[in-house]
């Protein structure tokens, strides 16, 4: 029974059907069929079984996933230090907030590969606010727009092992004629070169055991140094196959689309957490080396580049298996293959041999039998990762809702003044919400100790959010009156009060 | 400059180095290199590109993922209605909270397959609190414990397309001798039968177009009815291949482990959101049909069952392609294959023909060339799903932290009394936190309108959580004094005050 006197509801013995949670019985038992509000029910057993992969099975996000995401978010939000890069333009086409992603090259040595100096920036799209990766080719004038056909083809290519090309434009914003290739930004990526060949020098062609790399050395020296290097750093074969599957997956759709990668080398393949590989820099060669548009037989030329992609893949796998880019030097290849034969399966050797046999016409399809059942292993591991991630999502999903609810409550409780009324937050609906706030946060035990229980807070807020019919006893601060209200009524109070604040927050000239 | 008078800090012009956020300048610009606190930077472009799959690119979790997880959580937490199932035991071995997952069979018709009545329950492990799926075989006495070798082998099998067997025990808790198989619980799953063959009757062998199924019908009737049925319900071929890849993935590791599934039919394959298939009920046949342990040649027997698995797979794929379990009846098979030939690729037809040719020794390995590059498609789609899920995790990750921060603040702000002190929450550190609360939630515009801005709330709380050196101007309610404090000081106040409450919450006899 309730009675409303002067806006305050007073409490009389209630009917037995409704469970009433009082300040004294600090926990309530929910015996209904199916809870009417949502909580995370704990880690499911099929995810618990993967303990070694997930770390812990707590109610909060796994620490490694969390640190990884924090790191990626921080990198996404990173702003350049204007003092360090005074020459950076404010805007480049539709992009601003440029932030160099690698040291800007200052000498011409790095021009070797494509004949142009290149640099890379993170930038924010002015309209969408999304971060992108810009690859700038310095001092480049586009002579022939035919190559833009390739750009359009690249832009349509969406694949989980490819960094998608978004657009290409020319700009004078850097003070020269630059060509800019815009890609997805994958924060926290590193190249395969830095990940696995860090001990080699950057160009990958220096023998760390020789003082004079041009001096003639006996065959056994090569072999021993490659072998010693590989044995100290050997990559697990499963990881190499994981890479092969991802790289062939990307190559396959590139070749099917009538394109060629043309830059399949460890400096252009990026790796993010979970060993995801992505081919980057796609389309640059098609624009910069403008031979495809002038060739008499462009299809034949693309097929030639596709064959070169497969050769590059073979070299890359050989380098990974020997853990050294030195292995792909012409004079080392036979030694390197010997090393692979000794330490890895015949399948891996055969795959490398096939890819490094340019006299035959090769294709990704022919590689599939060599990969064989490893496709299944790969699928299982990726599917397992989705199971783990789904569990992470369900852990954190409800927190956003509860947070927003507390923000609403906070905007009402103790508001000093509303529409010139200094007592607004202490009267009517707001009074109920004030007492409810006390009920949620300020309960004390019988002997007067503060009673802190996160489960109580979460449960009360969930019931409020759902507006369950269950009733709750709210005591006035002077302990002279007790209000009995249902969560449904409290929900109504909250919505009403928040709407009042929200409506009043609109500029007066917009109120009609 | 700051000056502390009577516990209150007064504000004088500050040094230029520190950015000061005042009540008047409602937004602050952060120009530092890398923000010192964490926020979600928005949907990355490679996920935005998948719009059609993710729904929206908001800062909150995608609605379909959310509804799916909510549904699964609700099913996980579902409690049985004791009135509806008065006979359910309270405890069964280490499990309680039993909840039937399907109607408990009451007649003996459903015994057909394995000769025993069976039922299925969700149950909670008493010690871990994890939910499991219990499959109970009614009235079964284990004659021979040799089959437990198979149980041990099944328990070791972990795969993303298999419902893992956790343990097997016998019990009299149901009032009979029951054998209980404990599995992972996958809430929200349905069987392939209910998902794709719902229009067929449960036993799957009734022709809906005939009044008397035993009456002889001309060949063309069969053909036309199968064809008509299939054309109205045709499954996309990509989905069938998706299923084939998952089912062969599971079969492969089962066969490699020296086991056989023995129950590969649409009633025993479950499907969860994202089209994930899992083989269920594994190990039951090995225990119930106790021939493997008595056979003179158990290895040969397992090989026989493995061949039967492949035949079952062929029938299942044929039924899916014809969208009818009727298709696998002996007299319909040739018609059904004809229908598949007409509507699907040769690869699919060949796969079915291979699997339905029991005269040759078949294996999953031989299927791989028929699956071919579809492995790549499958991998791309699962990898893409992990990208989407990682983005969902990063959206919601920070909310849990901010929620916990608000709960801490709530337990301090406006606490009516602490250690007999009615002014505790209004003095000292707590006074700063009270003014900070007003700063976060109760700001007004110059013309007195409430100023509501979620970004402001999130930013303030993030700065508080990190304790950044940035300073903030807090105005007393009478507007007579202004406090200038850094977020670092506020963080210290919060920690101190919360520790006070926390320590006081401990039972007094525990305080030494």
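All positions are counted from 1 along the displayed chain.
Positions of Cβ are set from backbone N, Cα and C atoms, glycine also.
Sequence annotations record features per position, and here TrEMBL assigns ATP binding site to A:135, A:184, A:185, A:186, A:187, A:188, A:189, A:190, A:191, A:267, A:268. The coiled coil annotation in TrEMBL covers A:373-411. Residues or ranges marked as domain 'Protein kinase' by TrEMBL: A:106-376. Summarising the annotation, TrEMBL assigns region 'Knob domain' to A:412-512.
Shown here: features listed in TrEMBL, placed on the structure.
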| residue | record | DSSP class |
| --- | --- | --- |
| A:135 | ATP binding site | strand |
| A:185 | ATP binding site | coil |
| A:191 | ATP binding site | strand |
| A:268 | ATP binding site | coil |
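Helix, strand and coil content of the region 'Knob domain' (A:412-512), in residues and according to DSSP, is 53 helix, 14 strand, 34 coil. Listed binding-site residues (A:135, A:189, A:191, A:268) with a CB under 8 Å from any chain B CB: none. Counting only same-chain residues six or more apart in sequence, the Cβ atoms lying under 8 angstroms from the Cβ of residue A:187 (ATP binding site) belong to A:71, A:72, A:73, A:75, A:76, A:131. For the binding-site residues given as A:185, A:189, A:191, A:268, the lowest number of other CB atoms within 10 Å of the residue's CB is seen at A:191. Counting only same-chain residues six or more apart in sequence, the Cβ atoms lying under 8 angstroms from the Cβ of residue A:135 (ATP binding site) belong to A:118, A:119, A:120, A:180, A:181, A:183, A:281, A:284. Mean pLDDT across the coiled coil (A:373-411) comes to 89 in this model.
Binding-site extent for ATP: residues A:135, A:184, A:185, A:186, A:187, A:188, A:189, A:190, A:191, A:267, A:268, maximum pairwise Cα distance 17 Å (rounded to the nearest whole number).
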